[in-house]
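Residues or ranges marked as signal peptide in TrEMBL: 1-18. Taken from TrEMBL, the feature domain 'SRCR' applies to 24-123, 128-216. The disulfide bond annotation in TrEMBL covers Cys92-Cys102, Cys191-Cys201. Per TrEMBL, transmembrane segment is recorded for 330-352.
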Amino acid sequence: MYLNIIFVFVILVYGTNSFSPESVRLVGGSGLCSGRVEVKSNQSWASVCEADFDRQDAEVVCRDVGCGAPAALQGGLYGEGEGQTWDKEFQCKGKESLLLDCDTSDRENNTCLPGNAVGLTCSEPDDVRLVGGGSRCAGGVEWYDQGEWRTVGADDWNQRDVAVVVCRQLGCGSTVSVLPGNTTRGFGVYCDGSESSLRECSRSYHLRPGLTVICSDLLVQPDIFLTDPMGGVFRGHQGPEMFRGYNFTITCSTLPQYPGGSFLLTFTGSNRTQTQPAVNHSAAFLFPAADDSHQGNYSCVYDNYVFSHNFSSESELLSLTITASPLPAFIIRHVVVLLILLTAITTSYLYYKPTRRQKRVNRVSSMDLYVNAMEMVSLSSRAEAGPGEERAAQGTE
């Protein structure tokens with residue numbers, strides 16, 4: 001009885017929001033980490049106006065709902081709320097754990113225009129991973145819980161549904177297979193397969209058999225690029241352009257992930273394909289002489305057989321344009337170079353010629369000044385010697 005009295009007293013003093021298990025939520029989005037921001041106020045939910053919300057407030061909300069960093073913040077992004085509008089402006093510093101831990105102030109404007117209910121998209125937290133499979137899309141399921149990575153387990157009848165959610169949350173496509181894990185000491189998770197992340201599933205800390213999940217997007221996306229040994233390729237507005245008659249090479253490569261495999265080079269718009277085995281995780285396709293039939297879009301498809309299944313991954317498109325003979329461009333380029341050299345030589349000549357002339361004039365002027373100075377010294381000496389000495393000097397001369 002005394003405990004009940006104390007509990008009621010604390011609620012009356014501090015209010016109910018501080019003890020609400022859910023004080024902020026994201027509504028109308030695709031999952032727990034996106035939607036319209038709503039705050040619980042007096043046992044009802046209120047939308048937050050965009051003018052009362054900033055990036056630091058968004059960081060706290062994403063943390064409060066258990067998601068990653070804010071990815072998008074925009075008014076009207078997830079529609080308008082049907083209820084009231086939150087009448088305070090948040091003053092979060094960005095480090096608070098809960099939105100209701102932030103300071104608030106009275107709103108400067110009591111109206112919130114239509115379309116300004118703030119919508120927020122948070123990134124999915126990195127709290128689930130697959131380990132031991134050589135890829136982020138294959139391996140034993142682990143969940144970051146209470147400061148450590150723990151093995152996820154599930155009953156046999158529910159393993160497939162759990163695997164579907166894991167592949168969806170990691171952005172790894174669909175589930176290919178579910179295998180028994182290496183441990184029986186996983187904490188239990190129960191999913192129906194429709195959840196966007198494991199956080200939406202039920203869980204318990206009763207030990208269940210661990211599970212290994214293999215998703216369809218197992219291989220990383222390969223790269224495709226074009227090279228030529230003769231300088232016949234240049235960058236155009238729509239992508240690389242190749243001169244007719246020049247040879248070129250299209251190279252497919254992928255990150256070191258699994259040994260073996262092969263690359264299939266496809267040419268969009270035709271049935272032309274070439275296949276080569278992957279050597280050091282790459283393959284080079286040589287074209288001896290470019291002509292109009294080589295113009296179009298190319299892509300690399302990397303195939304590999306791992307985990308008893310065939311997997312493939314396709315690169316981005318490489319758009320190649322074939323242009324006329326490079327001879328006119330070659331001539332123009334060399335004429336431009338010659339004109340630049342001629343201009344530089346002419347400029348240097350015009351600059352250094354008057355400089356040399358000026359140096360000669362300076363040398364003549366300096367000599368004249370020297371002679372005049374010597375004559376002035378001589379005259380001054382005669383004037384100071386007096387008439388007798390001057391005559392004696394003349395006689396000596």
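Glycine residues also receive a Cβ, built from the backbone N, Cα and C atoms like all the rest.
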>> Let me check the 10 A CB neighbour count of Cys102 (disulfide bond). How many other CB atoms are there?
In response: 19
>> Let's check the environment of Cys201 (disulfide bond): how many other CB atoms sit within 10 Å of its CB?
In response: 21
>> Please compute the mean pLDDT of the model over the domain 'SRCR' (24-123).
In response: 80
> Using DSSP, how many residues in the domain 'SRCR' (128-216) fall into helix, strand and coil?
Replying inline: 17 helix, 46 strand, 26 coil
